[in-house]
Amino acid sequence: MEEPLGSPPAALSALEKNVAELTVMDVYDIASLVGHEFERVIDQHGCESIARLMPKVVRVLEILEVLVSRHHVAPELDELRLELDRLRVERMDRIEKERKHQKELELVEDVWRGEAQDLLSQIAQLQEENKQLMTNLNHKDVGFSEEEFQKQEGMSERERQVMKRLKEVVDKQRDELRAKDRELGLKNEDVEALQQQQTRLMKINHDLRHRVTVVEAQGKALIEQKVELEADLQTKEQEMGSLRAELGKLRERLQGEHSQNGEEEEAEIQPQPDGEESISDAEKAALDLKDPNRPRFTLQELRDVLHERNELKSKVFLLQEELAYYKSEEIEEENRIPQPPPITHPRTSPQPESGIKRLFSFFSRDKKRLANTQRPTHIHESFGQWAITQRDDGYTEQGQEALQHL
């Protein structure tokens, strides 16, 4: 029996993985390995030996598939739970603030009601006294003296003053309640303005940090360029020193040759120091032309090239920083997109067939065919074909359908 290439090693690697790292495709690899083991048992002991075991194994693999798929969904659920907890905490804080405000209003209202009740009780008492006095006046035939009449007028005047004072207190408390409401509205507006200012300051702080990083990077680049220029300057100075030494040697050699040629040439050379310098300059130019490492540019041209290179480097660095900044903003905007609500599956919908059942359906058909024909050769051919097609197409069609159902 020929086994399909690539399936057992993949299954073995899936078995060696950590439990938290398993995927649905690893479960399918394990199912393929179990199918191979079933095939070997059928070859050795027949189909009846695993007829009762196979449905249980299929059920266990289905449970494993569901658990693995849920494990991959767990991080997203944790994030949603954290967001829900945060919203609940904010809601509880808001409710607590409203409750405190309501309690304050209730306390003020209770105080006002108590004072109003006291004043009403005083009014009722005064009215009762007034009624008693009126009844006494009706039952008594004795006429009131002028002093008693003035006393009665004083009592009625006192009642009017009490009523006036009560009205003033009620109006004052009503004005205080309105002022408290206006003050609360102003406080809420101040809080909203402070929140907006906080967000604006956070954005400004982020931009300033970005600029500071850019400036620091530019400073580092300038320091590196300074070090490079200093190193180049040192090398140039060393080269100039070596050239000066060679020039001195050449001058000494020329002077020795001229001294050997005779006194006449020495006499001609001594009154013409400018000519010697011109000859030495010409020899130096000839020597430089023969030197393969002679400088091709002037010092000003070299400085211009280095300055242009530094400017281009700084521009490239700024463009890279801006590109990274815009990419981070796009990522933040994508993360701010509201996530769709979780899909609720109705309980009445029938449970779809899992990928494990589809994986073993072909093998179960081969098992029935083996029981009918009693020829093991058909099992070899069918299971080989099943293993190859399952390994090739299991990740594309059946696996994807199983994932969609889950």
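Cβ from N, Cα, C; glycine included.
As annotated by Swiss-Prot, phosphoserine applies to S7 (among others).
Taken from Swiss-Prot, the feature domain 'RH1' covers 10-97, and the record attributes it to sequence analysis.
Just so you know, the Cβ of C47 (S-nitrosocysteine) picks up 19 other Cβ atoms within 10 Å once every protein chain is counted. Annotation source Swiss-Prot lists S-nitrosocysteine at C47.
The coiled coil feature in Swiss-Prot is assigned to 76-258; the stated evidence is sequence analysis.
Residues or ranges marked as region 'Disordered' in Swiss-Prot: 255-280 (among others).
Around the Cβ of S259 (phosphoserine), 12 further Cβ atoms fall within 10 Å across all displayed protein chains. Swiss-Prot lists S259 (among others) with the feature phosphoserine.
Summarising the annotation, Swiss-Prot assigns compositional bias 'Acidic residues' to 262-280.
Taken from Swiss-Prot, the feature domain 'RH2' covers 294-359.
Summarising the annotation, Swiss-Prot assigns region 'Disordered' to 330-354 (among others).
Confidence in the coiled coil (76-258), given as mean pLDDT, stands at 84. C47 (S-nitrosocysteine) and S259 (phosphoserine) have their C-alpha atoms 117 Å apart, to the nearest angstrom.
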